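A.B. asks: Pulled these features from TrEMBL for this protein:
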| type | residues | note |
| --- | --- | --- |
| TRANSMEM | 22-43 | transmembrane segment |
| TRANSMEM | 50-72 | transmembrane segment |
| TRANSMEM | 78-99 | transmembrane segment |
């Protein structure tokens, strides 16, 4: 029985990574290593700067902390002022569009409210004339 031959099956060769995949992998490794190196240099520089600046910060902290608070308040005031200015310009633009008859968003609500107020004013006028007469 050992003389009998078994049927042979061909197995496809095992496919490894293609050249494109290998180049992509090597590029990713190189970029990752470069970025890791740059982040290490940045961290080292930051720590050295902090070590050098700490005595100066401690000496000037009675001046720097109030100055920082003032700068925060000034910036908050400017941002609030700018926000109010933008809101005013938007409101004036909406009013101009409404008056010009361009029907901006919310104009139908405005018309409804105006009609309700006019109705109530008529009702109050009628009540006042009825009680006065």
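Placement of Cβ uses the backbone N, Cα and C atoms for every residue, glycine included.
TrEMBL annotations: computationally assigned, not manually curated.
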A.B. asks: Would you mind listing the long-range same-chain contacts of the transmembrane segment (78-99), meaning Cβ under 8 Å and 6+ residues beyond its ends?
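C.D. replies: That would be 106-107, 110.
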A.B. asks: State the non-local partners of the transmembrane segment (22-43) in its own chain: residues 6+ outside its ends, Cβ under 8 Å from one of its Cβ atoms.
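C.D. replies: For the transmembrane segment (22-43), there are no sequence-distant neighbours (Cβ-Cβ under 8 Å, at least 6 residues beyond its ends): none.
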